[in-house]
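> Take a look at the following structure, please.
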Amino acid sequence: MSKLILAVNAGSSSLKFQLIKMPEEKLVTKGVIERIGLSDSIFTIHVNGEKLTDIRDIHNHEEAVNIMLDSFKEHEMIKDITDIQGTGHRVVHGGETFPKSVVVTDEVESQIEELSELAPLHNPANLMGIRAFRKLLPEIPHVAVFDTSFHQTMPEQAYLYSLPYHYYEDYGIRKYGFHGTSHKYVSRRAAQIVGRPIEDLRIISCHIGNGASIAAIDGGESIDTSMGFTPLAGVTMGTRSGNLDPALIPFIMEKTGKTADEVLEILNKESGLLGLTGTSSDLRDLTEEAKHGRQRSRVALDLFASKIHKYIGSYAARMHGVDVIVFTAGIGENSHIIRGKVLEGLEFMGVYWDPKKNESLHGEEGYINYPHSPVKVLVVPTDEEVMISRDVIKYGKLNDNTPKKEEFDTNESIEVN
């Protein structure tokens, strides 16, 4: 029997949502409420392929949820709010407390609040959404799905930093990793595409958007990932620096007179591709600039791809080989130029990719390797909301033994040719 699940991502002044029919994994509607708390809040919802926008006063998240539910009824997506049988909430940080998704209780709320010191900009906002939905829909399960949970299978040698050990014991300083819901979704889908059990596969997942992270997934479990204690670590990103020598922070402070917080702001918002080029963090802009001969843009693209390229080599060594490389997220799904730069030179480890196939894939699923390539290379559009909805069914105990799409797709594979 089909169930309607609401996947939610609450920000401090926004609420993104998707209403999904499960187990078919069919999108009913999606939308976003922006500028919550201001006089000109913006409510956007998709109805029958058309995007409808309304500007009104929305004072808080509870009011935003009520407006969203009323819109569902107005457009006959539901007859009553009881038609929604569960909600799933993206929560950025679960620390070591939450190695998997969990049904929200008062105790879970308190634990998420305690973890806010690890994600001060995100966890409190995520909680506002959870509390609004729990108040307005008290009879259904509300499941928290954490960006960090998927990476809790990393071994100590992957997540510990070479710092005094008591920093880990006392303050929880370690690598946590992020984008876990995306890495989990695309790795499962990759196994379906190649027609092999995920337990038998070594997968390198490249989530490349404005934020980017790489994950080594062995037998379906994350054993390492590029982001760290925060999403600032790892590869170069749109506005984030990625890894650098930590001694640069006091050096920059001394040279510029800036505080530590101000330097961190620069590393998060003024660095990466934006910092390198001085013009844009948008890869499309930089690709055009490079085509027209701008040297700094060309170097930035090469550097960006090189960092990802190195992680692939590192993670292949870590897993004693690789069976599948997956590209996902905005850049990974749409930029054949970056994919090509990343893959160039990996033939020595069995990666034989087809430039024509690579160039033809933009935002759609498929292979970009030659049929004879030992390592399969895939583009897989991510769908974190579907992954969240699956967890609502699983942890909210809503499964009435109707097979989920992931189960009846297990043997579906895509031909290489």
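Note that Cβ sites are derived from N, Cα and C of the backbone, with glycine treated the same way.
For reference, Swiss-Prot lists these features for the protein:
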BINDING   N9, E384  Mg(2+) binding site
BINDING   K16, H207, I208, G209, N210, G211, D282, L283, R284, G330, I331, G332, E333, N334  ATP binding site
BINDING   R90  substrate binding site
ACT_SITE  D147  active site, proton donor/acceptor
SITE      H179  site 'Transition state stabilizer'
SITE      R240  site 'Transition state stabilizer'
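Please situate the listed features within the shown structure.
The number of other Cβ atoms within 10 Å of the Cβ belonging to E384 (Mg(2+) binding site), over all protein chains shown, comes to 23.
Around D282 (ATP binding site), the C-beta neighbours below 8 angstroms that are at least 6 residues distant in the chain are G238.
Following the DSSP three-state reduction, the secondary structure of R90 (substrate binding site) is strand.
Long-range Cβ neighbours of D147 (active site, proton donor/acceptor) (same chain, at least 6 residues apart, Cβ-Cβ under 8 Å): R90, V91, V92, H93, G94, F178, H179, G180, T181. According to DSSP, D147 (active site, proton donor/acceptor) sits in a coil region rather than a helix or strand.
DSSP assigns H179 (site 'Transition state stabilizer') to coil, not to a helix or a strand.
In the three-state DSSP scheme, R240 (site 'Transition state stabilizer') falls into the coil class. The Cβ neighbour count for R240 (site 'Transition state stabilizer'), using a 10 Å radius and every protein chain shown, is 26.
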> Would you mind reading off the Cα separation of I331 (ATP binding site) from N9 (Mg(2+) binding site), to the nearest angstrom?
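With distance taken Cα to Cα, N9 (Mg(2+) binding site) is 21 Å from I331 (ATP binding site).
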> Determine, to the nearest whole angstrom, how far the Cα atom of K16 (ATP binding site) is from the Cα atom of N9 (Mg(2+) binding site).
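N9 (Mg(2+) binding site) has its Cα 5 Å from the Cα of K16 (ATP binding site).
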> Check the binding-site residues N9, N210 for other C-beta atoms within 10 angstroms of each C-beta and report the one with the most.
N9
> Going by Cα-Cα distance, pick out whichever of the recorded positions N9, R240, E384 is nearest to E333 (ATP binding site).
E384
> What whole-number distance in angstrom separates the two most remote CA atoms of the ATP-binding residues K16, H207, I208, G209, N210, G211, D282, L283, R284, G330, I331, G332, E333, N334?
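Per the listed residues, the maximum Cα distance equals 25 Å.
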> Here the binding-site residues are K16, R90, R284; which one has the lowest number of other Cβ atoms no more than 10 Å from its Cβ?
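Minimum Cβ neighbour count within 10 Å, taken over the binding-site residues K16, R90, R284, occurs at R284.
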> Restricting to the chain of I208 (ATP binding site) and a gap of 6 or more, list residues whose Cβ falls under 8 Å of its Cβ, or answer none.
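Listed in sequence order, they are I308, F327, T328, A329, G330, I331, G332, S335, I338.
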